[in-house]
Each structure stands twice: as structure tokens, then as C-alpha cells.
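Below is one structure, written out as C-alpha cells, with a few remarks after it.
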């Protein structure tokens with residue numbers, strides 16, 4: 001018991017069986033055990049000595065109800081072998097209690113009694129005359145038998161309870177006949193009603209007894225409650241908790257706890273230890289997304305799809321909804337978009353104010369304005385990726401961006417063809433410029449853009465983009481994003497823009513060595529290099545970016561490529577127009593100013 005973790009022990013034993021066990025227990029000097037005893041133990045006055053208190057103090061249990069038997073003490077004072085010399089039971093009682101023989105006899109070897117012995121000196125539950133328990137129940141049992149015999153003898157022939165309304169014969173009473181009357185007995189004794197139920201059981205009535213320290217250090221049996229079977233269900237037990245003294249005299253008012261494992265708090269579940277009793281378990285925290293809101297939960301409950309467990313795993317809370325908003329990242333992208341659009345409009349204003357100068361006229365002013373218009377839309381379309389996704393915004397995001405970029409690259413492609421035609425036309429025998437007039441240029445731009453429009457239309461008709469709730473990336477959050485719908489269509493529009501950019505790059509590279517200071521082909525080459533580099537980097541970044549960061553990556557790619565086109569194609573010309581007007585002449589562009 002010293003090595004056991006149990007602090008409460010239930011004992012079903014009487015004083016005879018308990019005595020040798022208790023003797024060995026006291027030798028081990030073990031204390032602090034809360035004993036819960038059966039009726040035979042909890043009323044055993046033999047253990048009331050002060051030497052037992054350190055080991056048995058605080059014992060609690062049910063005891064048979066005690067009562068008062070009138071004149072019992074007076075009667076016991078008269079019981080002795082001299083008064084009842086012919087009563088064999090009195091002789092045996094004296095031999096058992098005092099170990100002596102009341103009268104000299106050759107049959108027994110016991111010494112003769114002193115004659116001064118009395119039953120009142122015996123500390124036994126049977127001899128307790130002040131408030132007897134066992135004797136009181138024997139007292140009630142005798143009265144119950146007496147009432148049963150009385151009712152049996154009062155039976156009138158023809159009105160009896162047995163076969164053919166017969167009665168029991170007074171000179172030949174069978175036990176089953178007496179039992180019938182015993183079950184129906186109903187009388188009052190010492191203010192207590194005595195009767196039996198249909199099964200023959202008496203109404204249960206017990207005292208709750210607690211062994212407490214007396215004034216002399218001995219053990220006193222104190223009533224701290226009762227069990228009354230006549231009360232309603234749930235109200236039978238009445239305990240005076242404040243009056244209980246528990247085991248462990250250093251903290252007698254603190255109720256002892258005897259468990260193999262402490263209770264698992266909410267947020268944990270019980271995991272039974274293999275090979276150990278079911279009361280021995282470990283408390284395991286609930287997994288993410290699961291909760292337990294009760295003590296000693298056997299299992300954890302999974303939260304609904306749109307909910308997640310809190311940090312304590314005790315309640316399901318709504319998942320945090322995230323999308324690309326106007327926070328620090330969204331504001332940065334918005335500022336870049338607005339600045340890019342304003343800068344493009346400023347360049348457009350510069351070109352418009354100097355539309356009659358050589359550098360604007362040589363670079364095909366109509367295509368330049370088309371490109372600036374498309375770039376302005378490119379900067380602004382990045383704003384579509386910021387904000388809560390809706391059905392219409394999801395469709396507009398990818399289609400608007402792809403069509404606008406296709407228009408922009410188509411214009412640059414048209415300008416590249418014009419530059420290449422101009423370079424070829426300088427050679428003898430070539431008259432290609434007549435096939436690339438303004439009308440033909442518009443046709444090329446419209447045709448190239450129309451292809452992208454048709455791809456987008458097919459995309460929207462078949463499987464259009466739609467808003468979706470992504471719960472797979474981070475289980476504690478709901479990422480609102482635009483699903484592309486058809487991945488094939490998405491990569492087709494990007495592939496078509498890439499094809500246009502590659503074609504534009506190849507043609508510009510072929511025309512990079514134009515005569516004089518006309519460097520338009522070189523600027524187009526650099527712009528397409530930047531454009532292709534940005535979108536080649538976009539593909540792996542977009543695929544690997546989680547949640548709303550994918551929208552930020554796509555928006556950033558749009559802005560980066562737009563800035564690349566703007567700076568490569570128009571900043572050098574704006575620099576000459578505003579800061580180097582002396583170079584804004586046809587002679588300088590043709591490389592003839594050094595010869596003059």
C-alpha cells in the first residue's frame with residue numbers, strides 16, 4: 001500500500017478480519033489513507049482507542065440506524081450467572097467475554113469468575129445501551145415477529161389469506177405462513193414506522209458515520225449525514241460536508257482525491273494506457289481543427305468546415321477570411337498602379353504637345369498613342385486583383401488583362417513591322433512600305449487582338465473563372481480567390497501573349513542595326529526582353545504562391561512588365577523631347593547632323 005497511488009480504500013470486513021490486517025498496516029507506519037468502511041467496520045468500537053487515530057482517523061461509512069431501547073441498561077445490569085444459574089446462554093457469554101467459568105466444573109479448565117463482572121463494562125456494539133445499533137434492529141425484528149404472530153392468531157376462519165380463505169393453525173405454524181404476515185406488518189416503535197416492501201425488504205435508513213478525534217485523542221463516531229429511503233429519488237442522501245473530518249490530520253478539512261490520473265481539462269482527450277486499468281490514462285491535446293469542451297472527454301470533435309479550433313482547443317471559431325485587400329501590400333500595389341497610369345498619361349501629354357516634332361513623327365505617332373493608351377489600361381487593370389473576389393470581378397480580371405496586354409503587344413508588333421519594313425526599304429529594289437500603310441497596321445493590330453478576344457470568349461462560355469474558398473492551403477483560414485475555371489484557357493491566353501512577345505522580339509532583333517541614330521528596334525528588343533523575363537519568372541512564382549499572394553504575384557507581374565515597356569519605349573524619347581531638344585531633329589535621327 002505504501003507504493004500504491006491510491007489514497008482511498010473501500011473495506012468490506014468486520015472487526016475480526018480487520019484486526020490482523022490493521023496490525024500489519026500500523027507496523028509499516030502508513031498514514032494518509034481515507035478508509036470507506038462497510039457497516040460492520042464503521043461501527044466497530046474496538047478500534048476507537050487513541051492508538052488507532054493516526055491510521056484510521058477520518059474513516060467514513062454507512063451504519064445501521066441507531067435508536068433508544070427503553071430500560072435496556074437496567075436489564076443488562078441484572079444479567080449475571082447468579083441470577084440466571086440455569087441459563088446456558090448466560091454461561092457461554094461469560095466464558096466468551098471474561099475467559100472464566102461462572103461455576104466450578106470438571107468439564108472446563110477455565111478459572112472461576114470473580115462474581116463482580118458486568119455486561120456494561122464491555123465495549124461492544126451489542127452492549128451499547130445509550131444508542132444501540134445492532135441491538136436496536138434486533139429489538140425491531142422481535143417486535144416485527146410479535147406483530148406478525150399477533151395478526152396470525154387473530155385470523156378468523158373463512159377470512160384467512162391462504163387457500164380457500166383458510167387460516168394458519170396455531171399449534172402448527174409454518175414459516176411461510178408467518179412470512180406472509182411479516183411482509184404485511186406495519187407498526188410504529190420509538191417514533192419510527194416499521195414496514196416492508198413487496199420484496200420483503202425494510203425501508204433503508206442509514207447513518208453516515210465519520211471517525212473523528214475525541215477530546216482524549218481517541219476516536220469518536222460522529223453522524224455527518226443520513227440516507228432516508230422514504231425520500232424522493234435524488235433526495236435520499238443528506239451529507240453535512242462541513243462536519244466531515246477527512247484522513248490526513250494535517251489537512252483534515254480537505255477532501256482527499258484518489259485517482260490514477262488527474263482529470264483531463266477541456267481541450268484534451270483521454271488516451272488509455274495499454275496494460276493498465278481504465279482509470280489510468282494520459283491527457284492528449286486535441287489536434288488542430290478538433291475540440292473538446294468537457295472534462296475527461298474520450299474523443300475530440302471535428303469543427304465544421306468553415307470553423308477552426310481556438311488556441312485552447314475548447315471551442316470552434318469562425319475561420320479568418322483572407323483575400324488581397326487594401327492593406328500594406330494592397331496599398332503598395334495600388335500606389336504603383338496609379339503612379340504608372342499617371343506617368344503614362346504624362347508621357348502621352350508630352351507626346352501630344354510635341355506631336356509635330358521629328359522624334360514623334362518618325363516613331364509613328366498613331367501607334368505610339370495606341371501603345372500609351374494600352375499601357376494606361378494595363379496599369380489600371382492590376383487594380384482588379386485587389387478586393388473581395390466576385391463572380392464578375394473574377395471574369396474581368398484575367399480576360400481584361402489578357403486582351404489589354406494583347407492589344408499593347410499587337411501595337412508594338414505593328415511598330416516593329418514598320419521599323420523592319422523601313423530598314424528593308426532602304427535596300428534597292430524593295431518597295432515593302434506600300435504594304436504597311438496605316439490601314440494595314442490597324443488591320444494587323446485588330447487581327448492579333450481579335451484572336452485573344454476569341455480565346456477569352458471561348459473561356460467565358462466554357463468554364464469561366466469564378467470565386468472560390470480555398471481551405472487547403474491553411475486550415476485555420478479561408479482564402480477567397482478567383483479560380484481560373486479552365487486551366488487550359490488560362491495558359492492559352494498567357495501563351496498567346498508570350499507568342500506575340502517572342503515574335504516581336506525576333507523581328508526587332510533583326511532590325512536592330514538601323515542606320516543613323518534611329519534606335520527604335522533596340523528599344524523594342526530591350527522591352528521584349530524585360531517583358532519575357534518578367535512573365536517567365538511569373539509562372540513558377542504564381543504556381544508556388546499560396547492563397548491571396550498568387551493574386552499579388554499576378555498584379556506585380558502586370559505592373560513590372562508595364563513599367564518595363566513604358567521605360568524602354570518612351571522614357572528615352574521623352575528625355576530627348578524635354579531635356580535634349582537639339583537632338584529632336586530629322587538630321588540627328590538620320591545621323592546626318594555631324595556632316596553639316
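One-based numbering along the chain as shown.
In case you wondered, yes, glycine gets a Cβ from its N, Cα and C as well.
The annotation domain 'G-protein coupled receptors family 3 profile' is assigned in TrEMBL to 329-593. According to TrEMBL, the transmembrane segment annotation covers 329-353, 365-387, 399-423, 444-461, 488-511, 523-543, 555-578.
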Field: Contact ranking winner - 329-353, 399-423, 523-543 against the transmembrane segment (444-461), Cβ under 8 Å
entry: 399-423
Message: Tell me whether the transmembrane segment (555-578) sits in contact with the transmembrane segment (399-423), defined here as at least 3 Cβ pairs under 8 Å among residues 6 or more apart in sequence.
response: yes
- request: Between the transmembrane segment (329-353) and the stretches 365-387, 399-423, 488-511, 523-543, work out which stretch tops the count of Cβ pairs under 8 Å.
  value: 365-387
Statement: Beyond a gap of at least 6 residues from its ends, the CB atoms lying under 8 Å from the transmembrane segment (523-543) belong to 409, 412, 415-416, 419, 494, 497-498, 501-502, 504-505, 508-509, 512, 550, 553-554, 557, 560-561, 564-565, 568-569, 572
- prompt: Residues of the same chain, at least six outside the transmembrane segment (365-387), with any C-beta under 8 angstroms of its C-beta?
  reply: 323-326, 330, 333-334, 336-338, 340-341, 344-345, 347-348, 351-352, 355, 393, 396-397, 400-401, 404-405, 407-408, 411-412, 414-415, 418, 438, 441, 445, 551-552, 554-555, 558-559, 561-562, 565-566, 569-570
Folded-back contacts onto the transmembrane segment (488-511), same chain, C-beta under 8 angstroms, at least six residues removed: 398-399, 402, 405-406, 409-410, 412-413, 416-417, 419-420, 423, 448, 451-452, 455-456, 458-459, 462-463, 521-522, 524-525, 528-529, 531-532, 535, 539
- request: Could you pull the average pLDDT for the domain 'G-protein coupled receptors family 3 profile' (329-593)?
  value: 82
